[in-house]
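Everything on this sheet refers to the single structure shown next.
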Amino acid sequence: MADDKEMPAAVVDGHDQVTGHIISTTIGGKNGEPKQTISYMAERVVGTGSFGIVFQAKCLETGETVAIKKVLQDRRYKNRELQLMRVMDHPNVVCLKHCFFSTTSKDELFLNLVMEYVPESLYRVLKHYSSANQRMPLVYVKLYMYQIFRGLAYIHNVAGVCHRDLKPQNLLVDPLTHQVKICDFGSAKQLVKGEANISYICSRFYRAPELIFGATEYTTSIDIWSAGCVLAELLLGQPLFPGENAVDQLVEIIKVLGTPTREEIRCMNPHYTDFRFPQIKAHPWHKIFHKRMPPEAIDFASRLLQYSPSLRCTALEACAHPFFDELREPNARLPNGRPFPPLFNFKQEVAGSSPELVNKLIPDHIKRQLGLSFLNQSGT
């Protein structure tokens, strides 16, 4: 199918109902090729929210299954999610295939984002394990978290974007290959230093403490906190900080990390001076997880879930953590013996990183393979 991410989006006559309907749209031909008509049969709704709906659809011309996110579009503004998705291209970020606008009988304008279809979410995988009264095997925790951080490294470093709503529902998993893709850029934004942002973003259990403190000049480290919460949830089988409201959310965090110091509060929000918290000691990390939890898993969680945003490791530093060393072993495989999805085909996300970090990220056996391919290319 032709990829028209860069083309202006066509407007088609949509339907008020979704499932069972056929939506036809035209995509522009590239390099002088004729335009193509593409038709989608809407099959079932797979997600709903304040934004609109996501439905599974089949392309009638190719038989390919896609996900279409349909959102109400304000005619006065460009859609930020569309602008961001058009420039992103990474194995751990869901791919935008193309987009079109549709109208309803009430003359409402909807934007339809046509994306690759990934059948499962980390949320549903977690529910599967908890309903079976099981913990997720550690190799899957490592594999999923590594890919999440790799996707974040690309989003943060290359696209310059903060996701701002990282949670298990927005992390898609292919059950056959175990490839993970970050999705839903409806809250995402390119953060500009010195420019204020809203603090009321991110789903509560995964919301960084600086957001609870009302900070407006936060950084991409809010995504690192959210990823730390996801890691803890995969290890525990339940959310680490299950707050019932914004204030209770902070209480849940304090019960684990202890009361933040004045300096930590200043790091989170320099304008927050109302310091009236009960003095609670930090709960040791090793007591939060079960006795057999590997020390590198506990160390990793503690490096992500820090009050001071600047003390949290970056996404690439997270990928290099010893917690993921098992994935870098030469004979590492999925439990069923199949190979892992590609984990080390780094490109833009390592640009500007120190040689030491790149050295840690790329295993020796991969370096040897790359070295051989370079030798072959040079004809020696």
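The first residue you see is number 1, and the count goes up from there.
Quick reminder: no glycine exception, Cβ is built from N, Cα and C everywhere.
As the structure is a computational prediction, the values presented were derived from the model and not from experiment.
According to Swiss-Prot, the features are:
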- Asp165: active site, proton acceptor (ACT_SITE)
- Val46, Gly47, Thr48, Gly49, Ser50, Phe51, Gly52, Ile53, Val54, Lys69: ATP binding site (BINDING)
- 40-324: domain 'Protein kinase' (DOMAIN)
- Tyr200: phosphotyrosine (MOD_RES)
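Known features from Swiss-Prot, placed on the structure.
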{"residue": "Val46", "record": "ATP binding site", "Cβ neighbours (10 Å)": "16"}
{"residue": "Thr48", "record": "ATP binding site", "Cβ neighbours (10 Å)": "10"}
{"residue": "Ser50", "record": "ATP binding site", "Cβ neighbours (10 Å)": "7"}
{"residue": "Gly52", "record": "ATP binding site", "Cβ neighbours (10 Å)": "18"}
{"residue": "Val54", "record": "ATP binding site", "Cβ neighbours (10 Å)": "20"}
{"residue": "Asp165", "record": "active site, proton acceptor", "Cβ neighbours (10 Å)": "20"}
{"residue": "Tyr200", "record": "phosphotyrosine", "Cβ neighbours (10 Å)": "9"}
Give me the CA-CA distance between Val54 (ATP binding site) and Asp165 (active site, proton acceptor), in Å, as a whole number. 17
Which three-state DSSP class does Val46 (ATP binding site) fall into? strand
One should report the C-alpha separation between Asp165 (active site, proton acceptor) and the residue listed as 'phosphotyrosine', rounded to whole angstrom, as 11
Considering all pairs of residues in Val46, Gly47, Thr48, Gly49, Ser50, Phe51, Gly52, Ile53, Val54, Lys69, annotated in the record as contacting ATP, what is the maximal C-alpha distance expressed in whole angstrom? 14
Here the Cα-Cα span from Val46 (ATP binding site) to the residue listed as 'phosphotyrosine', rounded to a whole number of angstrom, reaches 26
Gly52 (ATP binding site) to Tyr200 (phosphotyrosine), Cα to Cα, whole Å, comes out at 20
Tyr200 (phosphotyrosine) and Ser50 (ATP binding site), distance between Cα atoms, whole Å: 15
PLDDT averaged over the residues of the domain 'Protein kinase' (40-324): 94
Distance, Thr48 (ATP binding site) to Tyr200 (phosphotyrosine) (CA atoms, angstrom): 20
Where does the residue listed as 'active site, proton acceptor' sit in DSSP terms: helix, strand, or coil? coil
